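Chemist: Per TrEMBL, domain 'DUF112' is recorded for B:19-440. Taken from TrEMBL, the feature transmembrane segment applies to B:12-33, B:45-66, B:106-129, B:136-161, B:167-186, B:260-280, B:315-339, B:359-379, B:391-409, B:470-488.
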């Protein structure tokens, strides 16, 4: 009863807001260059969001690359909370960089609308690697602390946090090697220049014959690779992933917030959208509103803790 | 695989797909020829629009732009001593002296033929050898790539010019600029003065435009009344068919430059400018008359232009197979592929053979079209620009520079930065400091640092990690040969003169 009342109230406010919003183009700021994974997601969402907002609404993606996404995230946090500036939001990257440098925003600077993608981290070796299981890799790291090198896409990102949490959970010591980007790290693993890596499952998917995924750092096995065990099953309770969603500046009024959340939920339910995301290799993990905000707060806590215990610069 | 290659061919000739390549090549030449506008920029502007296009139309445009721009950069390099793209810096060495001697038309013809040959060689490498060459890329880990960068830096000694001390100061300035921004491992800020815009370092185009384009423009404006030594009536244009026989003897340079360009292309990071510099050096080193180089030797233009087009398609080999682009342009093109859901990796070739192999054909046709479109476009239209009154020409170039630099990230900060580099460039020019070492220092300095630090991290601080395999050792030997070789040769000649 209560939920149906809320739904009714939501529908009413949505209809009320419908009259005035949006009466000009809605901008989605992406903190990375056109053609990156986040950009492609934002453009796909934008295309379907236009349909959902209806009435000739226009949703435009604006790329503001630089400083690891910081320029774009800052732009969104400082924009007027009128519903005409939205932004793509990457976790944990967006919040991790508020720990290791001065940033003009924090976890509370945003209105959390909806998260679309969650790509779990993994422990991955080359197909030619002698390590067949996660335990073999960890045994080798315990036998000679630091001898096992882990290729990461950067310091202060989900790859790094995954490696750090894996070290804590297993007690093994790895040598962390931060490459410039996930593809460089993956290539170094394939070429045998580093022993293993923590790249996300999505980044392994096009290299089935070249890479061996030893474990997925998630609560449950991935539907994309049901054959790969989770680290939890193997006795290491570690979860880390890369998330991509849509946020607005903090202080967005309730009516517009609800309208956007409802529209984004409708985008998610559109089978065409689901199909396009699957084609792009984007694993959907839809979270709307408070659930997304709670995830963001949790990620913020993890980043704060890792930065306090083992600062990376 | 080769049947996939043939199977993809009919689609390429669908008229929209073919028209895309033609338009791309023309647009590329125009973009390349304008100082401040680069292929990287043109393609990144294009990427969002390609969201709604058919894959082969979008990719054909990109392949055309890439090929066209790598040649287009040579046009102002020859006519005005302003490299249109970073990769055209080495083209100025002999191209501009040729133009001053009234051989500008021939220089442009050499450039277009060489560019086309490099592009065709590169396209064949991509079409026929992509899988085996991607295995070569895997051999190059951080320590090996570090040695490649050192090998490239060693070629600075040929670029120092008459005064080695000034040349080294220039090179150090370039390396210093490469240090600006967040450091490649920890992300600590270096010389950014708290500016967010500086965190990613100095974009090569900003430095290049400031350093290379502003001083010649100031020259243009300083002497508005003096008639130009170069104008299109003195270009010495002749038909391409008459010019071709003069180029017969360049085949060795073309072959060497093509192989060098393809090799540099499959290594991640350095790209066209390094290929052009290295090809130029090697051609000069093996020339029978090295003293004419830098004074207007057409073979120098051939060496630079063949190599900077030979890395275009080959830079896509690591991009398509491994997701690591060989050049900045290949990086944006990868974005264009992602927009169409084409994820790099071996699966790409299995899942979307028609698009991938069609794209490769488009590269080949782009390179071939270059000769047809490039030759006449350059001599018939761009060269005419030189007949413009000099104040007008100078002003037009300044406007293009400002637009180009602003549009890289859409911010005025970069424009001020460019003007700052322009002031430095003007002073350096007046004081006869050579400019090429700055460019090479910036490109290779950061590249060398990043890979050295990664290698040392992998080796847990032990420098022996740098000498652990044959690939590294061969590169070390080559570097030593390049540095020590000419000195020994000079000593030998000197001692014979004394005797």
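Note: Cβ is positioned from N, Cα and C throughout, glycine not excepted.
For the listed features, I'd like the structural context: burial, neighbours, distances.
Modeler: The list of residues near the transmembrane segment (B:12-33) in space but at least 6 beyond its ends in sequence, with Cβ under 8 angstroms from a Cβ of it, reads 39, 41-42, 54, 56-76, 84-85, 88, 358, 361-362, 365-366, 369-370, 373-374, 377-378, 382.
Sequence-distant contacts of the transmembrane segment (B:167-186) (same chain, six or more residues past either end, CB-CB distance under 8 Å): 153, 156, 159-161, 192, 198-202, 207, 424, 428, 433-446, 449-450, 453-454, 457.
Tertiary neighbourhood of the transmembrane segment (B:260-280): same-chain residues 70, 85-91, 93, 118, 121-122, 125, 133-134, 136-137, 140, 145, 148-149, 152, 155, 159, 204, 253, 300, 303-315, 317-318, 324-329, 436, 439-440, 443-444, 447, selected by CB-CB distance under 8 Å and a gap of 6+ residues from either end.
Residues 34-38, 41, 45, 80, 82, 197, 203, 205-206, 209, 213-214, 217-218, 220-221, 224, 385, 415, 418 of the same chain lie 6+ residues outside the transmembrane segment (B:391-409) yet bring a C-beta within less than 8 angstroms of a C-beta in it.
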Chemist: Taking the transmembrane segment (B:315-339) as reference, which of B:45-66, B:106-129, B:470-488 has the most Cβ pairs under 8 angstroms?
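Modeler: Most contacts with the transmembrane segment (B:315-339): B:45-66.
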Chemist: Ranking B:45-66, B:136-161, B:359-379, B:470-488 by Cβ pairs under 8 Å to the transmembrane segment (B:106-129), which is first?
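Modeler: So the stretch in question is B:359-379.
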Chemist: Do any residues, 6 or more residues outside the transmembrane segment (B:359-379), come within under 8 Å Cβ-to-Cβ of it, and if so which ones?
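Modeler: For the transmembrane segment (B:359-379), the far contacts come to 5, 8-9, 12, 17-18, 20-22, 24-26, 29, 33, 56, 59-60, 63-64, 66-68, 71-72, 75, 105, 108-109, 111-113, 115-116, 118-120, 122-124, 126-127, 130, 232, 235, 237, 240, 309, 312-313, 316.
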Chemist: Within the same chain, where does the transmembrane segment (B:45-66) have neighbours whose Cβ lies under 8 angstroms from its own Cβ atoms, ignoring anything closer than 6 residues to its ends? I mean 6 or more beyond.
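Modeler: Distal contacts: 11-12, 14, 16-18, 20-28, 31, 39, 312, 329, 332-333, 335-337, 339-340, 342, 355, 358-359, 362-363, 366, 369, 407.
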